Structure formats: C-alpha cells, structure tokens
Amino acid sequence: MSERHLPDDQSSTIDPYLITSVRQTLAEQSAALQNLSKQLDSGQYQRVLNLIMNCKGHVILSGMGKSGHVGRKISATLASTGTPSFFIHPAEAFHGDLGMITPYDLLILISASGETDEILKLVPSLKNFGNRIIAITNNGNSTLAKNADAVLELHMANETCPNNLAPTTSTTLTMAIGDALAIAMIHQRKFMPNDFARYHPGGSLGRRLLTRVADVMQHDVPAVQLDASFKTVIQRITSGCQGMVMVEDAEGGLAGIITDGDLRRFMEKEGSLTSATAAQMMTREPLTLPEDTMIIEAEEKMQKHRVSTLLVTNKANKVTGLVRIFD
C-alpha cells in the first residue's frame, strides 16, 4: 500500500477570491435572515404557534433531500424542548409509514419550491386523515402552500450557490424558522433548565441538573486536629491532593478548614508559620453543601464565593465528603 501524503497547509496557495467568497456567502445568508425577519407574516406565525400549542399528538416533520435533513434537526429540537415530535421520510410514508401518523398529529411539510412530488403525494392522505398541515416554502402560490392550513414563507431571492441550485440559503432560512418556533414554544411552555435536563440526562447539563453532590463527592476528606503543627497541615494538604484540609474539633466535628490561600494569607500577615497551629490558620465556619444539593447549585455557590472545593454535610451536619468544581 502506497503511503498517502497529506498536503502541507502552509505551502498551499489559496486564491484570495475564495476567502472573499466565504465572506460573501456569510453576508448573503445574514441578509436573507434579516429579510425574513422583516417580511414574516405575523398572522401566519401566530396561527402556526396556535396549531403547535393545541396539537394533542406529535408535530411531524417531513421533507426530501436537504429539506429532509433540516426537518430532522427541527424535529429533534422540538422534541428536546418539550414538544413531542418525530421525522417521517415522505417516500417511506407513501409506502406504509403513513401508519405512524394519527389524526391528532400536526404535519410540517418542507419544500422550497412547494412542488416536491414526494411531499405533494402525501397531502391527499393527510387531508383524508384529518391532519392539519403547515407548509414551509419559498413559493406562497405553490401547490403545497394552497393545500396547507398555514404557510411560512422563506422570502428568499436566490440560493447562495452561484448556480442557484444547491440548497443553501433556503436550508439556512428553514432551520432558522424551526429554531424560532422551538424557542417560542419554550417561552409558551415556560420550559426551564430542569425540564431540559429531563430530556438530556446523558449530557453535561442533564448531569449537572439531575446529579446531587452526594453522588459525585469524594468521601476521603483530609483532616487534622486543632493543635496540628504547620508541618502536619502541609503534609495533609499535600497528601490529600485537594488543596485544603479539614480541621476537626475534639469530638471530630468541623471546626474549620485550611486552604492553600489561607496559608499564604496567614504567612503574609504573621511572617512566620513555623510555630503556628491549625486553629490559628484555619477559616472558621466554612461554607458547606448539604448532600442533596444539585451539582449546578454547587457550581453556582462555588463561583459566587470564588472557591473550588466545598465540604459536604449530612442532615446531622456531619462532614461526609467534599466536592470540587470540576468533579
């Protein structure tokens, strides 16, 4: 097998026009979005939002080709933000998957031209089922638009593609419309971060919102007694690898903590640490977290007080562990 040589990016010569083309494409798509915002029919959008709010089934997206890819994304966004939704391929629907659709479902059909054959073939069956239809199209006079209960027009002059063929601007506008509908429904449903986390338990946000500090805390808390020497404190902080040490009273309860910062501040104030005890260096009544505190609340508290480690306590106010902001 011959060795494959990758081109050296530094030695490649790029026609400056290509960079100009990139800027022009971004500018044209940005202008198209601005134009859509200015020309949108508020009455049609209000009707669409009412249809979505009152839908007792699923909001089903369908589209062919690139429109289908965008439809999948819109459906995924709706589903993850509290609006039950799925995507159905129009060709597959016409060959049996119509059985997935109930009369309670709302259909959003995507076709820039409004004349996509596979989409139009679905319309008679959907009307026979009694489904409401929303069209996203660039042609308000198209067959699809005329058969829809509500029409969201793209108001697009041309595709960004120099040949005006590849779906570019139309897919950007359609995606933006989908996001706009999803965000509007988030406001309508008062969809909060906790709700979002329920649908994203495997993601970072879901973990932070659904996980308690007790689930992730470290149980081995480095500790010293009130009369511990400076040397002992340093040894426990170093061996504990937490940048802090808990100071225990005679009954084993929490008397305070000593952090790296406490040591520096004490040294700046006193000048010498050789004869200091833990009781002299510690911060009394340190911040703590109950075991049932959610991770996101712990992070907020740490950021507010500019600390990276907090001790965790149980209902009896006994220290049971510690949690770091990056755990």
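Just so you know, glycine gets a Cβ as well, placed from its N, Cα and C.
As recorded in Swiss-Prot, the features of this protein are as follows:
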{"type": "BINDING", "residues": "GLY63, MET64, GLY65, LYS66, SER67, GLY68", "note": "ATP binding site"}
{"type": "BINDING", "residues": "82-83, HIS89, HIS95, 121-130, 155-157", "note": "substrate binding site"}
{"type": "BINDING", "residues": "HIS89", "note": "Zn(2+) binding site"}
{"type": "DOMAIN", "residues": "48-191", "note": "domain 'SIS'"}
{"type": "DOMAIN", "residues": "282-327", "note": "domain 'CBS 2'"}
{"type": "SITE", "residues": "LYS66", "note": "site 'Catalytically relevant'"}
{"type": "SITE", "residues": "GLU118", "note": "site 'Catalytically relevant'"}
{"type": "SITE", "residues": "GLU159", "note": "site 'Catalytically relevant'"}
{"type": "SITE", "residues": "HIS200", "note": "site 'Catalytically relevant'"}
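Broken down with DSSP, the domain 'CBS 2' (282-327) shows 11 helix, 17 strand, 18 coil. The helix, strand and coil residue counts that DSSP assigns across the domain 'SIS' (48-191) are 68 helix, 23 strand, 53 coil. Each residue contributes its Cα atom, and for LYS66 (ATP binding site) and GLU159 (site 'Catalytically relevant') these two points are 13 Å apart. The Cα of HIS95 (substrate binding site) lies closest to that of HIS89, out of the binding-site residues MET64, GLY65, SER67, HIS89. A separation of roughly 24 Å, to the nearest angstrom, links the Cα atoms of GLU159 (site 'Catalytically relevant') and the residue listed as 'Zn(2+) binding site'. In this structure, the recorded positions SER67, GLY82, HIS95, GLU118, PHE129 were compared by how many other Cβ atoms lie within 10 Å of their Cβ, and the smallest count belongs to HIS95. Long-range Cβ neighbours of the residue listed as 'Zn(2+) binding site' (same chain, at least 6 residues apart, Cβ-Cβ under 8 Å): SER62, GLY68, ASP97. Excluding GLY63, MET64, GLY65, LYS66, SER67, GLY68 themselves, the residues of that chain whose CB lies within 8 A of the CB mean position for the ATP site are, in sequence, HIS69, VAL70, GLY71, ILE110, SER111, THR116, PRO167.
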